[in-house]
Amino acid sequence: MLISNTYNQHFPQLTQEQIASNATKKVICGMSGGVDSSVSAFILQQQGYQVEGLFMKNWEEDDDDDTDYCTAAADLADAQAVCDKLGIKLHKINFAAEYWDNVFEHFLTEYKAGRTPNPDILCNKEIKFKAFLEYAAEDLGADYIATGHYVRRAGDNENAKLLRGLDANKDQSYFLYTLSHKQVGQSLFPVGEIEKPIVRAIAEDLGLITAKKKDSTGICFIGERKFKDFLARYLPAQPGNIRTVDDEIIGRHDGLMYHTLGQRKGLGIGGLKNAGDEAWYVVDKDVENNELIVAQGHDHPRLFSKGLIASQLHWVDREPIRESLRCTVKTRYRQQDIPCVIEPIDDETIRVIFDEPQSAVTPGQSAVFYLGEVCLGGGIIAERI
């Protein structure tokens, strides 16, 4: 039996009754080959559950895609090594077709329309908490699935609530707002109750191969490649003019899809005559005319919005908001909470008014709402106001 003193210091000892109850429950833990899922599986073991791992392959590499292939192969090898060390079975499943149909094609459509989508949110919605959850329950007989996400849940089954992770720096509730209370109730999030350094310390105690493995960053199907190079393989770029808010053409862009609101670097328009020293920022995209709109200064009024319109709403309790609600919102990951008021337009659309104007609110991204620690849900930013 593997032992971690760090685990013993940070997790309460369960009663024999709790362990006996957990022992009747089968949990399939999604194993990514990273430290968070590795430690999640160990925690579940310590709590008495019947634990098995599952490695998902969500992307098919091209034959010339050596970098990504090696990454996927290495991740699988690490996941297998961890499961071997923990003494648990590792299942393998290929969800690449589901990923292409339900995540990647939507990603391309949104970029084509000049919006900036977040595929990780869609991946959680369509793959990890739908395809994986269904496969685990129906084919593997799971009572729960588990992942290495930094979130917590309160309550069970129909009453489950999604809470922020204990580690504010790692909280991933922003990426899970589309989950229903039912999905939350069928999921366990073991590392959501602790901070990242403790996760690594537990992995070190156990001698896991993933203990010092760096966290994966960026979009899963792009890996370490340059985003621009990857996107160019699927969407032909349409170069166009860069126009100032004063209606002056000052340069050319190589495709609207490569730029996002609030962007400062990589515009190629520095050193313009009589332009002053202030940096240029993207303040808008004119999709109809294929023009990138820019202005000088990080506090230019065109960068700011007093609110937003959101659609494609998902509330964790699946009850639409039908009256004004004061809460907080994040319009991008790791942003400080913004105090706001939600004003329902209809069951599918809301108007959100910020207490103070906010910079670089980006259509296509998600607005996610909170009441204290509870993640209420969210929607896609349709427009800024």
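Cβ atoms are placed via backbone N, Cα and C, with glycine included.
Annotated features, as they stand in Swiss-Prot:
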ACT_SITE  CYS123  active site, nucleophile
ACT_SITE  CYS220  active site, cysteine persulfide intermediate
BINDING   GLY30, MET31, SER32, GLY33, GLY34, VAL35, ASP36, SER37, MET56, GLY148  ATP binding site
DISULFID  CYS123-CYS220  disulfide bond
SITE      HIS149  site 'Interaction with tRNA'
SITE      GLN365  site 'Interaction with tRNA'
Report summary line: Given the binding-site residues GLY30, GLY34, the candidate whose Cβ has the fewest other Cβ atoms within 10 Å is GLY34
Requested in this report: Please report the number of other Cβ atoms within 10 Å of the Cβ of the residue listed as 'active site, nucleophile'.
Outcome: 25
Query raised in the report: Going by C-alpha positions, which of the recorded positions (CYS123, HIS149, GLN365) is nearest ASP36 (ATP binding site)?
Result: HIS149
Query raised in the report: How far is it from SER32 (ATP binding site) to CYS123 (active site, nucleophile), counting Cα to Cα, in Å?
Result: 14
Report summary line: HIS149 (site 'Interaction with tRNA') -> DSSP, reduced to three states, gives coil
Report task. Between the Cα atoms of GLY30 (ATP binding site) and CYS123 (active site, nucleophile), find the distance and write it as a whole number of Å. Result -> 14
Query raised in the report: How many whole Å apart are the CA atoms of CYS123 (active site, nucleophile) and GLN365 (site 'Interaction with tRNA')?
Result: 14
Report task. Sort out the sequence-distant neighbours of HIS149 (site 'Interaction with tRNA') for me: same chain, 6+ apart, CB within less than 8 Å of its CB, listed by position. Result -> ASP36, GLY165, GLN172, PHE175, LEU176, PHE189, VAL191, GLY192
Requested in this report: Take the Cβ of SER32 (ATP binding site) and count every other Cβ within 10 Å, whichever protein chain it belongs to.
Outcome: 22
Report task. In whole Å, note down how far the CA of GLN365 (site 'Interaction with tRNA') lies from the CA of MET56 (ATP binding site). Result -> 25
